[in-house]
Structures are given as structure tokens and as C-alpha cells.
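**Q** I'd like to ask some things about the structure below.
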Amino acid sequence: MWWDERVSARFRRNLQPTLTYWSVFFSFGLCIAFLGPTLLDLRCQTQSSLSQITWVFFSQQFCLLLGSCLGGVFKRTLAQSLLALFASSLAISLVFAIIPLCHNVVLLAVVMAVAGLAMGCIDTISNMQLVKIYQKDSAIFLQALHFFVGFGALLSPLIADPFLSDTNCILANGTANASSNLPHIRKSLLPHHPGNLSHYDLPMKGLVVTRVSYAFWIMALINLPVPIAVFFLLYKERMVPCFNGSSHPLLSADELALETRPGDKDELPTAAQRPHRAAGHEDLFSCCQSKNFRGASYTYFAVHITGALVLFMTDGIVGEYSGFVYSYAVEEPLAVVHKVAGYLPSLFWGFITLGRLISIPVSYRMKPATMVFINVVGVLITFLLLLIFSSSVVFLFVGTASLGLFLSSTFPSMLAYTEDILQYKGCATTVLVTGAGIGEMVLQLLVGSIIHDRGSYSFLVCGMIFGCLAFTFYALLVFFHRMYPKPSPELDEASPDKAAAPEDTGQYQR
């Protein structure tokens with residue numbers, strides 16, 4: 001195997017929880033990318049104007065950010081974390097099943113807000129739990145976790161595509177005129193941002209003929225095994241009321257020899273008896289309490305802030321690029337055919353997924369800091385080349401693929417790097433997830449307004465600026481890493497909390 005036996009033994013020991021967290025992130029990806037291609041059919045279903053239906057985007061993104069902030073509240077015990085994941089993954093299946101029944105845009109926005117809250121909880125809790133289990137070995141497992149987001153994001157538009165309306169989905173006077181605009185409108189409704197389409201006049205009343213309901217029901221069924229998997233993990237951990245689950249399987253002799261260092265064996269029973277609290281992995285509100293700041297050096301805060309700012313920029317680039325690359329391509333000077341330009345967002349997400357798959361073995365051989373450096377430099381160089389060859393359609397496709405590859409592993413690599421700096425005692429996971437969510441929401445709105453005022457060329461200029469800022473913040477993070485106080489080996493060996501650390505035992509504790 002391309003990883004060593006110690007990591008392999010830990011993975012085998014935590015196989016069920018690891019696969020469960022990966023599957024839950026598939027739910028996250030399935031839910032994040034379906035709005036773009038289905039929004040026009042949802043507009044017909046709710047018989048609402050395009051300006052009204054765009055609030056569905058905002059409700060999902062805002063509540064996703066809110067859910068990311070609140071997700072840390074449910075990590076205080078393993079039972080709370082798993083129950084929150086079960087409720088969140090089940091809520092996503094219910095949302096898919098309920099969407100076809102929403103014939104009012106306000107009701108649809110409320111349902112998508114619930115989905116956003118569930119996605120935010122999944123984002124925070126899954127990242128936290130994998131970091132708790134694997135700690136210094138978490139990079140490879142975080143890469144795999146985020147691969148499942150890309151896989152789900154690719155799958156949901158493919159499921160929806162056969163059920164999208166080829167002509168206007170509301171039959172009324174003027175249907176023929178509206179239908180001629182439909183292909184352009186649909187391809188303008190990209191993931192995360194629908195663009196400004198208020199100048200298209202579509203009928204508001206008439207017979208609704210959309211078949212998109214079938215797509216949502218199929219996605220609900222595909223997602224249903226995920227909450228079932230979480231329920232089985234709850235059952236295994238004996239956390240389901242009225243059920244007596246099986247006890248934890250014992251480690252084999254080989255696994256015990258690999259995962260337990262000399263001197264740890266006597267401490268293991270004490271560690272297993274302790275409640276499963278993640279030291280330092282607090283929710284956003286607990287992180288902000290003054291008691292957590294006492295005695296902390298300024299570098300402690302600097303590492304949190306600069307790490308979050310790197311992801312604010314890089315995740316913001318993901319959102320704004322996927323949302324506006326089509327609009328940039330169809331405008332002058334490129335003037336790409338609409339059907340061809342429609343492949344750009346799919347190409348971008350496809351290479352993000354491919355990059356995350358490639359990063360799984362790479363992350364085991366390469367340090368997270370090195371991977372983040374390659375990512376931010378690659379993003380910067382790609383935007384520079386896109387600006388230089390701004391009149392080349394071929395290079396736009398090449399650059400889109402390259403950008404997807406470089407952005408793919410930035411979040412999990414940054415998370416592993418920052419947590420490693422803080423010795424898994426800070427609030428890095430919560431702060432980084434929140435910073436990434438804010439960046440994705442804010443930079444989309446910012447770039448949209450700039451493109452509206454300055455033209456489509458500013459799309460690449462904004463990306464170049466964000467890339468430069470991401471590299472600057474990464475350089476600051478490396479600087480503060482060098483200044484961050486390293487723990488004394490003597491104190492580390494004598495620490496009473498050492499025996500309770502998942503890193504030493506490799507056990508999935510409560």
C-alpha cells in the first residue's frame with residue numbers, strides 16, 4: 001500500500017466512522033450544485049419572477065454560513081455530533097423530496113434555508129471529527145473527504161439534466177418568444193449565482209409543464225443511504241435509545257503494536273474512560289469567549305486569522321469563477337457560442353473533483369504547507385496567463401481546468417496545516433470553515449457588482465487580485481508559523497492530557 005502500516009491500521013480501526021463522514025460530505029456536494037441548472041424550472045413551478053427566485057440562492061448561502069458557525073455547538077460529545085449529522089443528512093433527503101411540492105417562492109426559500117443549515121453543520125462537524133480521529137495523519141483523509149463534495153456536485157446536475165424543460169415550462173401567450181430565450185437563460189443560471197436576467201420577459205401565469213420533480217425525487221433516494229449509514233454508526237456506538245449496540249471491537253495484536261507507543265499502554269484505560277471532548281475544537285461562539293484568550297500569544301490569533309483569510313480568498317475564487325466564467329466567455333472579445341461556453345463550469349468542477357482525487361495519495365507524501373504553497377502559486381500563475389492570453393478561447397478552457405486543479409486541495413491542505421501548527425488546540429477548524437463560507441458568499445456579490453459596472457474583463461482582474469491576496473496571507477501564515485511557540489518535549493511527555501489524545505491511541509473515542 002502507498003501509505004505505511006501505522007496509518008493503514010488506524011484507518012482499519014476507524015473504517016466505519018471514516019466512511020460515514022465521507023458519505024455525509026457526498027450529501028453536501030449533492031445539495032450544493034443542483035440549483036444552477038434547475039432554477040428556471042423552479043421559477044416555473046413557483047410562478048415567480050427571476051428577481052424573486054434568486055433569493056433562493058441567498059437563503060441557501062446565508063444559512064450555510066450560519067450552519068457552519070453553529071455546527072461546532074454539536075461537537076461537544078460524539079453522540080451530539082452523530083445525531084447532528086444524522087438529522088442534517090436526513091434533512092437533505094427531505095428537502096429534495098419537498099422541493100417539488102413548493103409552489104410558492106417564499107416556501108422554497110425557507111426549504112433551501114433548512115438545506116443550508118444542514119450543509120453548514122455537515123461541513124463543520126465532518127471536518128472536525130476527521131481531524132480528531134487522525135490528527136497529524138488527517139491530511140490524506142481530509143483530501144478524500146473533499147473529493148466526495150466534488151463528486152456530489154458533479155452528480156446532481158447530471159441527474160437533473162434529462163428532466164429539464166427544453167421549451168418554456170409555463171404555457172401561456174408569448175410562449176414561443178420566451179422559448180427562444182430559454183437556452184441562453186438556462187446556461188446563465190450557473191451554480192451559486194444566477195446573474196442579472198431581469199431583462200428576459202417570461203410568462204408568469206399558465207399551465208406548468210416542468211418534469212424537474214422527478215430529478216429531485218431521484219436525488220432524495222440516492223441520498224437516503226447516507227442518514228442510514230449515520231444511524232448504523234450511532235447503533236454501533238450504542239447511542240440509539242432502546243437499542244443495545246455492540247461494543248467496540250478490540251484491536252488486533254498487530255494493530256495494537258503499531259498504534260501504541262511504549263509507555264502508552266498503561267495510560268490507555270484512563271484515556272478510554274474520559275469523555276470525548278475535543279480540546280480546542282470549539283464552536284465559533286465558544287472560541288470567542290475571553291477565557292480562551294488568556295495567556296495566548298499574538299501568533300495564536302495570527303495563525304487563525306491568516307489561515308481563514310487564505311480560505312476566504314481561495315473559496316471565494318471558487319464561487320466567483322464558477323458563477324461568472326460563462327458570462328465572461330459569451331461576452332466580447334471571446335464571444336464563445338453559448339452551448340460551448342456552458343461546458344466551462346462543468347469543466348471547472350470536473351477538474352476540482354479530479355484534483356481532489358489526485359491529492360489523496362499526494363497528500364501522504366507531501367506536507368500540507370507545501371501543497372498550499374503549490375496551490376496558491378498555481379492559482380496566481382493561472383490568472384496571470386489568463387490575463388495575458390485573454391483573447392484565446394482555447395487557453396480559457398485550459399486555464400479553467402488548471403484553476404480547478406490548483407484550487408481543489410486548498411481547503412483540506414490548509415485545514416491540516418493550520419491544525420498542525422496549533423497542535424490541535426486552537427479553533428482552526430471552526431474559524432477556517434467560517435472564513436471560507438464568508439468568502440464564497442461575499443466575493444460573489446463583490447465580483448458581480450464590479451462586472452456590472454466595469455465590464456466582463458474585470459472578472460479576470462478580480463481573480464488576479466484575489467490570488468495575490470491569497471499568496472500574501474499564506475506568506476504571513478508561514479511567518480507566524482515560524483514564530484509560533486513550539487511545545488517543550490519534556491512538557492509534552494509529562495502532560496496529563498497526552499494519554500487522552502486520539503493521536504496516541506488511534507481509537508474512536510466518545
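Glycine too: its Cβ is placed from the backbone N, Cα and C atoms.
According to TrEMBL, the transmembrane segment annotation covers 21-40, 52-74, 81-99, 105-126, 138-159, 214-235, 298-318, 340-358, 370-389, 395-417, 429-451, 457-480. Annotation comment: TrEMBL describes 488-510 as region 'Disordered'.
In the displayed structure, how are the listed features positioned relative to their neighbours?
**A** Tertiary proximity for the transmembrane segment (81-99) is limited to same-chain residues at least six positions away from its ends with a CB under 8 Å from its CB atoms, namely 20-21, 24, 27, 30-31, 42, 71, 74-75, 108, 111-112, 114-115, 117-119, 121-122, 125-126, 128-129, 213, 216-217, 219-220, 223-224, 226-227, 230-231, 233-234, 237, 239.
Same-chain residues lying 6 or more positions outside the transmembrane segment (105-126) and placing a CB less than 8 Å from one of its CB atoms are 21, 24-25, 27-28, 31-32, 35, 42, 46, 48, 52-53, 55-56, 59-72, 74-75, 81, 84-85, 87-89, 91-92, 95, 98-99, 145, 283, 429-430, 433, 437.
Listed as Cβ neighbours of the transmembrane segment (214-235) (distance under 8 Å, sequence separation of 6 or more from its ends, same chain) are residues 16-17, 19-20, 23-24, 26-27, 30, 34, 38, 79, 82-83, 85-86, 89-90, 92-94, 96-97, 99-100, 155-156, 159-160, 162-164, 243, 245.
If you look at the transmembrane segment (298-318), the same-chain residues 6 or more away from its ends with a CB under 8 A from one of its CBs are 352, 372, 375-376, 379, 403, 407, 410-411, 414, 417-418, 421-422, 426-428, 431-432, 434-440, 442-444, 463, 466-467, 469-470, 473-474, 476-477, 480-481, 483-485.
Sequence-distant contacts of the transmembrane segment (395-417) (same chain, six or more residues past either end, CB-CB distance under 8 Å): 127, 131, 138-139, 142-143, 145-146, 150, 307, 310-311, 314-315, 317-318, 321, 325, 329, 334, 336, 343-344, 347-356, 358-359, 362-363, 367-369, 371-372, 374-376, 378-379, 382-383, 385-386, 389, 428-429, 432, 436, 477.
Here the transmembrane segment (457-480) has long-range neighbours at 299, 302-303, 306-307, 309-310, 313-314, 316-317, 320-321, 324-325, 327-328, 369, 372-373, 376-377, 379-380, 382-384, 386-387, 390, 417-418, 443, 446-447, 450-451, meaning same-chain residues at least 6 beyond its ends whose C-beta is under 8 angstroms from one of its own.
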**Q** Which sequence positions outside the transmembrane segment (21-40), separated from its termini by at least 6 residues, show Cβ-Cβ distances below 8 Å to it?
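**A** Long-range Cβ neighbours of the transmembrane segment (21-40): 53, 56-57, 60, 85, 88-89, 92-93, 95-96, 112, 115, 118-119, 122-123, 126, 129-130, 144-146, 148-157, 159-161, 164-165, 169, 182, 185-186, 189-192, 194, 212, 215-216, 219, 222-223, 225-226, 229-230, 345, 349.
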**Q** Near the transmembrane segment (138-159), which same-chain residues lie under 8 Å Cβ to Cβ, leaving out any that are not at least 6 residues past its ends?
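**A** For the transmembrane segment (138-159), the nonlocal Cβ contacts are 3, 7, 11, 18, 21-23, 25-34, 36-37, 126-127, 130-131, 191, 215, 218-219, 222, 346, 349-350, 352-353, 356-357, 359-364, 368, 371, 408-409, 411-413, 415-416, 419.
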